[in-house]
């Protein structure tokens with residue numbers, strides 16, 4: 001029961017993480033205009049991974065996609081690639097995890113196959129979460145660097161302070177989504193151990209007797225060697241045990257004793 005619960009919880013948490021990564025990638029608020037020194041403005045600018053938008057005080061919003069790829073910074077393109085790779089791995093992990101759930105039976109699939117699929121999906125979720133966290137962190141580092149450079153230039157009279165950008169809501173969504181995918185992947189890896197059958201965890205060990213070969217018989221016979229039966233089992237009518245001599249040997253009557 002605990003294995004099934006851990007697996008289902010890992011699937012649900014990972015699903016939330018993958019959905020959050022998709023949402024964060026599609027959002028346009030990765031960076032927003034800093035309004036600390038100028039809270040009243042007629043134009044508010046914010047940017048995403050795919051387009052930049054301008055919102056006027058009248059409520060009209062205009063967005064312009066990035067029509068270039070080579071003209072964008074290399075780190076910006078790396079963030080895009082990381083988020084896309086994380087989403088693809090997360091979706092593949094969800095597909096594999098659905099068939100690996102213990103509560104779902106598909107044909108004659110063994111528990112060993114489900115365990116391997118659970119481990120595979122868990123690794124995919126972990127990599128997807130790391131990609132999302134890394135991509136968001138790289139973009140946040142770019143914002144911090146540009147923010148302090150803009151502040152320094154503004155104090156020197158070289159640039160207007162209004163051009164500074166700060167963290168947008170998409171960054172926090174991406175961090176939370178990456179963390180959820182990472183936790184869900186770890187839970188799936190932990191559930192994999194409980195799905196492995198116990199007989200496959202240990203190797204069979206055979207023991208050989210060091211002495212005589214012992215055979216076990218059922219019925220009127222008792223335990224004896226494999227080469228001779230118990231002489232007491234052959235007793236019947238007219239059978240008498242031969243007397244023993246002083247040296248311990250049995251003395252049997254000869255044919256002349258019966259004449």
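For all residues, glycine too, the Cβ spot is worked out from N, Cα and C.
According to TrEMBL, the feature signal peptide maps to 1-20. Sequence-distant neighbours of the signal peptide (1-20) (same chain, 6+ residues past either end, Cβ-Cβ under 8 Å): 87, 90-91, 93-94, 97-98, 100-103, 118, 121-122, 125, 128-129, 132, 173-174, 176-188, 190-191, 194-195.
As annotated by TrEMBL, transmembrane segment applies to 81-101 (among others).
Long-range contacts of the transmembrane segment (122-149) within the same chain: residues 10, 14, 17-18, 21, 24, 30-31, 34, 73, 75-76, 78-80, 82-83, 85-87, 89-90, 92-93, 96-97, 164-167, 171, 174-175, 177-189, 191-192, each at least 6 residues beyond the stretch ends and with a Cβ under 8 Å from a Cβ of the stretch. TrEMBL lists 122-149 (among others) with the feature transmembrane segment.
Within the chain carrying the transmembrane segment (169-192), a Cβ under 8 angstroms from the stretch's Cβ atoms is held by residues 3, 6-7, 9-21, 23-25, 27-30, 32, 48, 83, 86, 90, 93, 97, 115-116, 118-119, 121-133, 135-137, 139-140, all 6 or more beyond its ends. For 169-192 (among others), the entry in TrEMBL reads transmembrane segment.
The region 'Disordered' feature in TrEMBL is assigned to 218-259.
TrEMBL lists 229-250 with the feature compositional bias 'Basic and acidic residues'.
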Original post:
List, by number or range, the same-chain residues at least 6 past the transmembrane segment (81-101) whose CB is under 8 A from its CB atoms?
Top reply: 7-8, 10-11, 14-15, 17-18, 21-22, 24-25, 49, 109, 114, 117-118, 120-122, 124-125, 127-132, 134-135, 138, 174, 178, 181, 185, 188
